[in-house]
C-alpha cells in the first residue's frame, strides 16, 4: 500500500477573536458530526433474512471474555488451513427500500484439518447470514470424510469471528467444505466491499469496489483473514448487464445473462494462484480503459472514469507500467506471475494505492495524469506509486509475510525499490536522490523520539486490527526503505539482487519472516566472498530489533569515531530495552577534501582510524550520498572548514551531502549537540545555491523554526533573512524562464523554481507577490483559460488566496467544486486553507465533514491543511479537544487518520499551557481511546516537552542571529 501543501503567511496571535471563532466552529462542526452519525446509524447492516433464536451474537468486549476460549483471542488457531474458496457476490448499486446499498453473496470454503478440533473459527464482520436448519453454515466432508453435526453458530463481534460449534471433532488431515449465504452493506466507508460515487455530468454514478488490507476481507465474505492463510480463490460477480466486472484474474469467458433476470450478467473469473485474503479485489463499474500488450505477453490495462480515459489521463500510466514490470522481472530474476495487470483509479479510496494481485487500486491522483493540467510533481507521484505497487506484485504478493509484525519488510522494501523502478521509467529525473529527503530524513524525525519503536515487533504484540493499523506508519515505510537501501549499498546492488532472487524462488506462494531474507542475502555474500565484519543477520538485527539510529561523532584531530543513540531530547527517558544496548554496526563511507576514501565499519562504541584525522585546511565528511541511516557530528574545527568550503566553492561537496550538512546540523542543534548558530551558519552559502536538494533541506529544517516562532517576535527577522537568501534564487529562475513563461527542463530545477516562488512570496519579496496576484487575477477574469502553469499552481493559488480575501477564496472554491481532474482539485483544496481570514477558515473547517463538499477520503488532509496555517491551528485544536469522543465514535473505523491529525494539530505546541492542554486531553479521553492515534499522542507529548525546552534555550540567540544576518 502506498504511503502519500503549502502554508500561508503568518498573522500572529489573534487572541479573543480566535477563541470566539473556535467556539463557532465547535458548534457548526458538532451539527455536521451529528448529521453524519445519524446517517451512519441509519445505515447499519441489514437484518438476517431468517432470524432464529439459535443465531446469537456476542457483543461483549474481547478483553472481558474468557481468553482460554479460542474465539475470544484475535489470532486464529492453527487447527484449520484453507485450501480454496468459491465466492459469488452480487452488489446492488441502487438503494433498497430502506435506503441502503447492499450486496448478497454465497461462499464455499474448502479447508484441511491440521489438528483435531470441535470448533470452526472463521472471520466475519458485519455480515448477516441466511439460516439453514437453524445455522449460519452448512458443513460437509470431502473425499468420503463425514463431518460432525453442528451444535450452534454464533458471531463474536469483538474478535470478528463466525464460530461454528460442533457436536464432534473434525479429523486431522481430512478436508471439509463449509457453505454460507450472507448479506452485507455496500457502505461508503472505504473498507472491505464498499461503494464509491462520482458525478458524470449531472448523473451520480456508483462503483462497487474493495479495500481488504489489513483486516477487511472478512467484511466481504467469511474467510480465514490472516496473511499466512493462503488459498486459491474462485470469484464470480453478478452485476448489471451494462457494467463491467473486474477481479484479480481474467474472466473465464464472456459474461452471461443471469437466467432469472436478463438485466444482470454473471462474470466468472479464472482461479487465482495461492494468495492471501488481503490481496483480493473485485470491482463493478462502468469505467473504461486503455490497454496494451507487454513484450512478455502480459495484458496491461488502465481503468478510470470514462471521461478521464477519453481525455487521455490514463496514457502516462499505461506507458510506464510495461517498462516498470519488465524492470522488476529482471531485478527479481522472476517473471511477472499473472497473465494481466489491471490498474484502476477510484474516486473514493482511503490509501494512496493498494497492491491487490493483478488488480491494483489507486486514488485517482496516484494513477491519472493530464499533461495540460497536472504538474511535474503529479507525474512523479504517478510513476513512483505505480512502481511501489508493482514492486509488491512479487515482494508481498508472491512471497508474503507470515504476520503483520513484519509489515515493514513488505512496505519498506516497496518504498525502497519504487525509486529504482521509477528511475528506470524516467532515467533523466534522478529520482533515486529524492529518497534522502522523502524517506530518510522524514522518518528520522520520528525515529529520534524515545517513543519510537523498532522496525520488527514480536508477533505476540500485534493482535488487534487497531494494532495492525498502527504499523502502517513512517517507521514501517520509510525506515524500512532506508535500512534496506543501506543494506543494498554495503552489499552492492548485484549481491542484494542475487539474494533477493533466491529468496523469491525459494518461498514463492508461501509466507516468510524477515530472517529468511537475511539468510538468503548471506548465501549471496558467501558466494561472492564479500568481507563483512559479521553476518548479515547480526548487522541487520541491530537496525531492525532496536528503535532509533546512531549519531556518529568525529574528532578529526585524532581520527576518533564514536556512536550513541540519537535523541532529539537527550534528557528523554528511553524505557524500551535493547539487547544491543543501542549500539549499531555502522557502515562508514567518507570523503576527504572531495576525494572518496575506502569504506570502514564502526562495530564498537568508539574506534580510531587515520581515515578520519585531518591536518591543515583538510576537511572530512562522512556518509557519502547519505546511504547510511545515521547522522554525523564533527569537532568544531571540521565544521568550520566545511562551512568555509561551502562558501568558497560548494560544488566540491556532492549535492546530496550539501543537503545532509544542513539537515544533520539542525537536528544536532535540536538535540543540543551543536549550537543552533552553527546550524544556521550552514545556510549562509544558500545565497549562491541553485540546486533543489540543499534548499529543500534548509526549508524543511527551518520549517521547525517557523512552527516555533511564527507567533513571536522572532518571525519578522527570520522572514527578512529568508527574503535576503532566496531573492537571488528567485531572480535566477525569473531570468532563466523568460519571466516565468517557460519551465526549466530538469525536474530538480522545476522543483527548485517552485521553492523559489513559494519562499519568496511567503517572505515578502514584492515582485513575487505581484506576480502571483497578477496571475490569479488573470484567471479570475477568464476562468476558462488558466494562465498558471501546472507546476506553479499550488504555490500561486496558496499565496494569492493568502493575499486576497473573500472574493479570491470563493472563486477558488467554485473552481474546486467544478474541477474534473483530481490533481487540480487537490491543489485548490490545499490552497483554500491558506486564507488569512479567520472566519473563512472557520467556514472551510465546517465543510470538511460534509461529504457532499469534501470527500471523506480527503477530510483528514483538509483539516491538516487548515491546522498547518497558524491562524487555523487554534480552530482545529479547540474542535478536536471538545469533540474527540464524537469524532472517534463516528469515524474511528472509517477514513480518518487520527495519527496524522494528532501529529499535525500539535506540531506548534511549545508552551507549558499547550502541554497542560495536551495532558488534559489525554486524561479526558482515556476511556474513549485514541485508536490509530495512540502512539501519535505519546509522541506529541514528547515533542511538546522537547519544543518547550528548545524554545526556552534558543529563542534569544535565534532572534539575535536572524537580526544580524538579515541586514
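Numbers here mean position along the shown chain, with the first residue as 1.
Just so it is clear, glycine is given a Cβ too, placed from its N, Cα and C backbone atoms.
Taken straight from Swiss-Prot:
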- 352, 353, 354, 355, 356: substrate binding site (BINDING)
- 388, 392, 411: Zn(2+) binding site (BINDING)
- 41-62: compositional bias 'Low complexity' (COMPBIAS)
- 176: sulfotyrosine (MOD_RES)
- 419: sulfotyrosine (MOD_RES)
- 424: sulfotyrosine (MOD_RES)
- 913: sulfotyrosine (MOD_RES)
- 33-68: region 'Cytosolic Ser/Thr-rich junction' (REGION)
- 40-62: region 'Disordered' (REGION)
- 33-967: topological domain 'Extracellular' (TOPO_DOM)
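Take the mean position of the Cβ atoms of 388, 392, 411, the recorded Zn(2+) site; other residues of that chain with a Cβ within 8 Å of it are 1, 2, 355, 389, 391, 395, 396, 410, 413, 414, 415, 418. DSSP classifies residue 913 (sulfotyrosine) as helix under the three-state reduction. Around the Cβ of residue 355 (substrate binding site), a 10 Å sphere holds 27 further Cβ atoms from the protein chains shown. Each of the modified residues 419, 913 was scored by the other Cβ atoms within 10 Å of its Cβ; the lowest score goes to 913.
For the recorded positions 176, 388, 392, 411, 424, 913, a Cα-Cα cutoff of 10 angstroms around residue 356 (substrate binding site) retains 392.
Those residues of the chain, other than 352, 353, 354, 355, 356, with a C-beta within 8 angstroms of the mean position of the substrate site C-beta atoms are 1, 2, 213, 351, 360, 361, 362, 389, 392. In this structure, 424 is the one among the modified residues 176, 424 with the smallest number of other Cβ atoms inside 10 Å of its Cβ. Comparing residue 388 (Zn(2+) binding site) with residue 419 (sulfotyrosine), their Cα atoms are 8 Å apart once rounded. Ranked by how many other Cβ atoms sit within 10 Å of their Cβ, the binding-site residues 388, 392 place 392 at the bottom. Here the CA atom of residue 355 (substrate binding site) lies 11 Å from the CA atom of residue 411 (Zn(2+) binding site). Taken residue by residue with DSSP, residue 392 (Zn(2+) binding site) is part of a helix. Between the CA atoms of residue 176 (sulfotyrosine) and residue 354 (substrate binding site) there is a gap of 32 Å, rounded to the nearest whole number. Here residue 353 (substrate binding site) is positioned 40 angstrom away from residue 913 (sulfotyrosine), judged by their C-alpha atoms.
According to its DSSP assignment, residue 424 (sulfotyrosine) is helical. Neighbours of residue 392 (Zn(2+) binding site) among the recorded positions 353, 355, 419, 424, defined as a Cα within 10 Å of its Cα, are 355. When secondary structure is read from DSSP and collapsed to three states, residue 353 (substrate binding site) falls in the strand class. Residue 355 (substrate binding site) sits 16 Å from residue 419 (sulfotyrosine), taking the Cα positions as reference. Under the three-state DSSP scheme, residue 176 (sulfotyrosine) falls in the strand class.
When the Cα atoms are compared, residue 419 (sulfotyrosine) and residue 353 (substrate binding site) turn out to be 16 Å apart.
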